[in-house]
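One structure coming up, written as C-alpha cells, with questions to follow.
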C-alpha cells in the first residue's frame, strides 16, 4: 500500500504540475478559438482513412485543455503514414549502360578549287572582206539635178584576191564580181577600167574593231546634156578586223558587224575537225596551212605562220585562225580557290565545308569522271596549277599531300577539285606504324582509301603473307579462270566502247546563286553544335544517374522512407526487408493539426525530440476523432510519440510546421519563424551551356554583271555603234568627213624641204612654223565666222559701223556747209531767234550793211579759237600718256603765243547799231 500510495501521490503531483503549466501557457500564448480553422490550400487525398488510427477512448478534460492551448497550423499540408507491412515491395533499378559520345566523323582536310559552268562565249578575232557597191541614178534637168534611184549591195571578196592583193600588196581591186539571180554581174569603180587601189585606215572605228577601205567618196556623175538620166558606180573594198563569238555547242559564230556564220569556228580539214558542224558547201570553205597575213597598218607580214580558215558567204568573206577545240574551248571555268577545306563523310555523302565563304557543298562519295562532261580537259591542268600554287605558298613546310586530285560533282552544278593532305606529324605516325607492322601499303591509299575506287588493291609483301605452292590442279584451274576473265574483260571493253559512243555527254549546269550552300553551312554548324551539346549532356546525365544510384542504394538503408519518397515523388513510409523495400502510401490529413507548446514528457528527465501534436484525420471531427501524435520531418505527423531524448540544457530547435518554422528553446515554444529569415543553401548543380557563336553570311556572286552581260551571241551595243558609224566610215559626207587640204599642202612643202638635206629641212621647219601660225590664225578666224554666233556678231558690228559712218559723213558735210551752225548750234539758234524778234519776219533783206572791221575780228577770233582747241587737245593727250614731251610742247606753244603781242583790240561793250537805232 505504501508503494501504491507513493506512486499515486507522485502521479497526482505530476498532473497538478501539468495543469499549472498548461494554465501558464494559456496565459502567455493566446489560444486559437474553437471556431472552424482555415483549410489547407493543397488538394485533398482520395484515399480512405485507416479506421485503426481513430481513437476509441474518450479524452479526459486534461487532454482537451492541452489541445486547446496548442498552436493551430494555419497553412501547409500534413501527412500521416501507416507502418509498412510488406504487402507492397519495390527494388532499385540496376545501373544502365550510358551512350558513348561521338567525338566526330571522318574528317579530311585539304586544298580545293571550285569550278562553275562557263557561260561566257568563246571569243576570237576574225577578218571580214567585202566590197560595197553603190549605183546611183541622177536626173539632170535644165536648171536642177535630182537623185532618182540608188542601189547598194555587199559582195564578198574572192579568196584569190585576198591572197594576191590584200595580204600580198596591201591593195584591192576596183572591180567587183557577184552573182545575183543566177547572173554574174560586174561593177567598176567610177565606171573606169580595173585598177589596184591602196587600202587606207578608216577614220572612224569602234574600240573593238579596225577597218580599211579603198575610198571615202561615192561617185555621182552628172553630164552636161540636160533632160537625161546619168548612172554612176562606186566600188569600195573594205577589210574589217572584228570580234567573233561562239557559244556551246559551237556550231556557229557571230561577228560584231551583225553577220552570223553558220559553221563551227573549230571546223577544219583535219580528221577531228571535220566532225564539226558546217552548213556551207565545201567549195565555199578553204583552209590554208602556214599562212602569213599582212598587217595593213604597218604593211608588214606576220612573223609566225598560222592555219587560216576562209569561208565565203553570199555577202562577205570571213577568215580566222583555226585552233583545236579541246585547247581553246572549255565548258567549265574556275570560280573559287579554297586554301582550307574540310571534307567529312556523313550518311553516304561527302560534305565539303568552307569557312572562308560560309558554305557547305554536298556530293556523292564516288568521284566524278571528267570524261562524262564535254570539253573539260582544261579543268585538270587549272586545278593542279592552282592547288600546287597554294601548297607552295602556305603548306609546303607543314603538310604533305595524302592523295591525288579528286573531282566531285556537288549539288547545284559545282565541280570540286579536292586534294587531301595531312600534317607532317601525322604522316610520321603513319610511317612508323607501317614500319612497325612490316607492311608495304602505299601511304596515299592507306591515308585516303576512297581516292580511287577503280584501282586494284595493292598486294602485301612476301614477308608478311607466304604464297602457297601451286599444284597441277590449281594451275589448270588458274588457266581456265584466266581465259574466262580475259573474255569477260573483252566483252566489258566492247560494251563500254559502244556505250561511250552512244552516250550523249551532258553539260554541267550551275545555279546562279549559292544561297542553298550557305544555308546548308549554317544548318550544319547549328546541327553539329546542338548535337554535340545534347550528346554530352546525355552522357553526363546517364553517368550521374549511375553514380547517384549507388548513393540511393546506400542511403535507403539509413532513411528508407525519405529515399523512396524522393524516388517515387510521393509520400510513402518504407522499411527495408532484406534486398527489397516495403512501402505504404501516406494519407493527407484533412483535419486540424495542433502543436503543443512544450516538448517535455511526464518523466522529468525525458523530453520529446520532436514537438508533440494533436490532430484529426477528417474535417469537422468530434472530440473522439482527436489523435495524439508527434510532428515528423517535412510536415509528416506520426501517430505515436516515440521520439524521445534525455532533456538537455540550453536546447534550441527549429521545426517545419506547415509553410513556416517554429522555434523551441529549452523544450518550450517561443515563436514562429518565417522562411525568409533562414538562409537557404542550394544543393543543385548549375548547368552551364555554351551559346552558339555568331556567323555572318557574306553576299557572293557566282556570275558577275560583266559575265552576265557577256553571255549573248551578239554584242548589240557593238552592232549599233558599227551600224551608226558605217556611213561615216566609208562614205563622203561633207558635214562629217572633211578633207584637210591645208595639211596636204603643208605635207608637200615639208617633203620638198626634206629633199634639200639638213639645211633645207631646218629652213623648212622655220617656214612651216610661220606658215602654220598664219594658217592657224586664218583658220581660227574662218571657223569663228562659220560659227552662227560669230557670224551674227560680225553682222551686228558691220551694221553698227555703217550707222556710225553715216552720222560721221553727215556731220562732216554739215561742217563744210555751215561750220558755225555745226560747232555752235545753240548759239546760232538763239541769235536767229533774237534777230527775228528784233526786226520781225520781213526784215531779212537788210543784210548788206556789214562792218568790215568786225568781220575781220571775227575771223581772228575763229583762228585763235581753233589754236586754243588744238592746245587743249595736246595737253589732254599728254596728261593721259603721262609723258613730259607733250607738256613741254604745249608750254612752248603758249610762250610763243604770248610773245607775239596783242593783235586785236578790246571789243566795245555797247552796240553801235543799237545806239543808232535809239537815235
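The backbone N, Cα and C atoms fix where each Cβ goes, glycine too.
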From 666, 891, name the one Swiss-Prot lists as N-linked glycosylation site.
666
Which is it, of 639-659, 681-701, 702-722, 765-785, that Swiss-Prot names as region 'Hydrophobic membrane proximal region'?
765-785
For the annotation motif 'Internalization motif' in Swiss-Prot, which listed range does it cover: 900-903, 904-907?
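From Swiss-Prot, the annotated motif 'Internalization motif' range turns out to be 904-907.
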I need the least crowded one of these glycosylation sites (106, 216, 688), counting other C-beta atoms within 10 angstroms of each C-beta.
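Across 106, 216, 688, these glycosylation sites, the one with fewest Cβ atoms within 10 Å is 688.
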Rounded to an integer, what is the Cα-Cα distance in Å between residue 106 (N-linked glycosylation site) and residue 542 (disulfide bond)?
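With distance taken Cα to Cα, residue 542 (disulfide bond) is 26 Å from residue 106 (N-linked glycosylation site).
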Going by DSSP, is residue 330 (disulfide bond) part of a helix, a strand, or coil?
coil
Which number gives the other C-beta atoms within 10 angstroms of the C-beta of residue 172 (disulfide bond), all protein chains shown included?
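Result for residue 172 (disulfide bond): 26 other Cβ atoms within 10 Å.
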Which one is it, among the recorded positions 330, 364, 542, 586, 647, that lies nearest to residue 688 (N-linked glycosylation site) by Cα separation?
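In terms of Cα distance, residue 688 (N-linked glycosylation site) lies closest to 542.
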Rank the disulfide-bonded residues 542, 586 by the number of other Cβ atoms within 10 Å of each Cβ, and give the residue at the low end.
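Ranked by other Cβ atoms within 10 Å, the disulfide-bonded residues 542, 586 bottom out at 542.
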Can you tell me the CA-to-CA distance separating residue 607 (disulfide bond) and residue 666 (N-linked glycosylation site), as a whole number of Å?
10
Which residues does residue 321 (N-linked glycosylation site) neighbour through Cβ under 8 Å, counting only same-chain ones at least six apart?
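The answer is 124, 125, 306, 307, 308, 309.
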Looking at the recorded positions 81, 172, 237, 647, 666, which has the shortest Cα distance to residue 542 (disulfide bond)?
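The answer is 81.
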Which one of these disulfide-bonded residues, 98, 237, 330, has the sparsest Cβ neighbourhood, judged by other Cβ atoms within 10 angstroms?
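Selected from the disulfide-bonded residues 98, 237, 330 on minimum Cβ neighbours within 10 Å: 98.
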Would you find the one among the glycosylation sites 364, 666 whose Cβ has the most company, meaning other Cβ atoms within 10 Å?
666
